[in-house]
Amino acid sequence: MSHGGGGHAAELFPEDQVLAFGAVLSLVGIYIAHFFPSLAMLLGGLLAAGACVAGANTTRRVAAYGLGTGVPSIGMVSLGMGTISALAGVLIPSAFGLPVLVTPILAAVIAVVVGFIVGKLTQNPVGMKVPIIVSSMTKLSLMGALAILGFCTAFAGGFSADIIINGAINNGVIALAFIAAGMAILHPFNACIGPDESHKRTMTLAVACGFMAWLVFAIAKLDIVSTAVAAIFWFIAYGTFVKTSLADACEVKYVPELPKKE
């Protein structure tokens, strides 16, 4: 049921489990990309998609309270908080002499703090009356940070400050991460929203969007193997989404080719 006209069906997968699954996968992927640069895009990019899926699931839950056009906006907010947190996690260790291996964990901790603060601000002074807005902003900030750091690390081949600055910031790749991961987090529920929305169908599209973000990065890096694997994974996931949509629809009408003349 929708909490506020948002079009939210019953949950098949508990949010906290999806969140934990996405966080663990993305963190593992970040460390794999750092320690094994040759596998950075293949495995790091794949596992970074887990953060996108978990973020899309949280977007679905909070947007069910009737955010309306706020569905895309909250996805962008997620990546805004995530970008700040990821950059802080990358730069603080080099500035204060901390071990570089704490970077992903530090970014995650900062993201949780930033998300909590932003969530509180949306209650007061903004005045949003969504009961789960604070916890949702916290989770979205975390997933945004892990997605940004995950894809940037996969592209650059590591998460130390010098590698990220030269391999993901100076060349503008972090902007690509912002858009690709942001779309993967906001689009699934925005596309499936409505009275006939189902958790399974929305999450299937979320997986497809996560794979598409990975595919975009694989193409940008000119990684042939990762591009081929990501394309196959995306094709399977999106094909499953289309089949699920056709099965759930009460009626399917195929639009003929537009007439060439009146």
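Yeah, the Cβs are placed from backbone N, Cα and C, and that goes for glycine too.
Sequence annotations record features per position, and here Swiss-Prot assigns transmembrane segment to 27-47, 72-92, 98-118, 145-165, 173-193, 200-220, 222-242 based on sequence analysis.
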Contacting positions for the transmembrane segment (98-118) when only residues 6+ beyond its ends and CB under 8 Å are counted: 23, 27, 30-31, 77, 81-82, 84-86, 88-90, 92, 134, 137-142, 144-146, 149, 159-161
Segment proximity, the transmembrane segment (173-193) to the transmembrane segment (27-47), 3 or more C-beta pairs under 8 Å: no
Sequence-remote partners of the transmembrane segment (72-92) [C-beta within less than 8 Å, at least six residues beyond its ends]: 55, 59, 62-63, 98, 103-108, 110-111, 114-115, 118, 137, 140-149, 152, 159-161, 164-165, 169, 174, 178, 181-183, 185-187, 190
